[in-house]
Amino acid sequence: MGDLGEQFTNLFKKYMPNAFVFALVLTIITAVSALVWTESTIMDTISAWYQGFWQLLEFGMQMTLLLVTGYSIALSPIIKRFFSKLTQFIQTPRQLYPFIILIGMLLSAVSWGWIVITAVLGRELALRIKGVNYPYLIACVYFSGGVWVSGFSSTIPLLLNTENNYLIEAGVLSGTIPTSYTLGSILNMSIIGFSLFFGPLLFFLLAPKKSNGLEEMLSSKTQNQELTILEEAESMKQKEISFSDRQNNSPILQYVIGLMGLVYIIYYFSTKGLDINLNIMIFIFIVMGLFLHQTPIRYGIVMKRSSSNISAILFQFPFYAGIMGIMKYTGLGNELTNAMVSIGTIESFPFLAFLNGAIVNFAIPSAGGEFAVVGPSVIDAVKELGVGLPELQVTKMIARASMSIAFGESLTNSLQPFYLLLILPIMGVGIKIQARDVMGYLFIPFILFFIAWALMVVYVPL
């Protein structure tokens, strides 16, 4: 099976363009589709693109801080020693691949942003274990993040359970849908169980035979980095210790600020429970970094190193936001959704919702953003199909359709390089690697999981 994965990888290397080119091509395809299928003029479409261009600025900044602060933790001496100890138990590539899949899925079930931790762990173990096929390992890390849709940070079920959400205010829903019908459903638990068992097994079986290790890909400059963080901090001191040097190298200020942050983190979880969002995650990473790196000068150095590879996020996110704008403001998203649900029946609507989520995700790679566009149309269609049925049954149908959209959206990330922008800045430090080097390894897992999840959203009870 490993040879089959290599064949698809070679095809992707040959035909898949750079991630930025992918975004540009997708922009043109979406714009042309809007002109053909909606009543939008060229200027309407361009205006929609511009209007959407700025809608992911906050999200882009969150992504940037998430990967920079997360990676900075891994550069601390304590965490590096922990990674070294792990290699006592994980010693070969064929042990590493399923381990990363399993750990990544568990972390992503807590919060989708924790894929950053998986990326850091994967890179550090790859530096210590010989014979790892590094592009394949990156594929393992990326695929492991798909389980987030079934976890605590899953956007759509949390939205449905939020009082006075925009669907209720718009009259699409009459009330909230409890998480017992979504995250706590038999369907969702089945998706989790299937993924945790077959994910590691599949990537173990698909493991390529040939090595393409990180140590081979690293440039000599990176391998022979002349200064540690501590050494660089020492080199920046003046010959005669000055007042400014004392402040730069004193842990007192940093510990005081870190303690303030720790107090708030305790207060946050004691008052809000397990409400894990991007902002609190970034804040936790920052506070951990303050304590782990001890002094302002060291923390400044480590943040500089952590942010050396973030250009892709900074300039590509607005282009994906522009695509989202075309889908949203020209009505293209609604047209696509209406076309699919118009042929739906009570038996087929879960699969059609799943397929809809999968397709639209290429243009709107954000669960919340996608659901805002397609969710109302899908829910209205389900309500029409449920006319004459008991209210509870219709509510369960809406929950199933909504989760089907979420599952489809999450799964096609395997073929959509958008969130790879979150992983490559960490795992790609010091090497030349592109999305096309990774995506081919994900094709077979995508096909198998697509078939399995499609059958499950239709036949597994809620």
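Keep in mind that glycine also has a Cβ here, set from the backbone N, Cα and C atoms.
Per TrEMBL, these features apply:
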- 20-38: transmembrane segment (TRANSMEM)
- 59-79: transmembrane segment (TRANSMEM)
- 99-122: transmembrane segment (TRANSMEM)
- 134-160: transmembrane segment (TRANSMEM)
- 180-207: transmembrane segment (TRANSMEM)
- 252-270: transmembrane segment (TRANSMEM)
- 276-292: transmembrane segment (TRANSMEM)
- 313-332: transmembrane segment (TRANSMEM)
- 417-433: transmembrane segment (TRANSMEM)
- 440-460: transmembrane segment (TRANSMEM)
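Fewer than three CB pairs closer than 8 A are found between the transmembrane segment (134-160) and the transmembrane segment (59-79), and contact between the two stretches is not assigned (pairs 6 or more residues apart). Panel annotation: around the transmembrane segment (313-332), residues 19-20, 23-24, 26-27, 30-31, 33-34, 37-40, 44-45, 47-57, 59-60, 63-64, 67, 360, 363-366, 369, 372-373, 418, 421-422, 425 of the same chain, lying at least six beyond its termini, place a Cβ under 8 Å from a Cβ of the stretch.
Contact between the transmembrane segment (180-207) and the transmembrane segment (59-79) is not supported, since fewer than 3 Cβ pairs fall under 8 Å when only residues 6 or more apart in sequence are counted. For the transmembrane segment (99-122), the most Cβ-contacting stretch among 20-38, 59-79, 276-292, 440-460 is 59-79 (pairs under 8 Å). Tallying C-beta pairs under 8 angstroms between the transmembrane segment (59-79) and each of 20-38, 276-292, 417-433 places 276-292 first.
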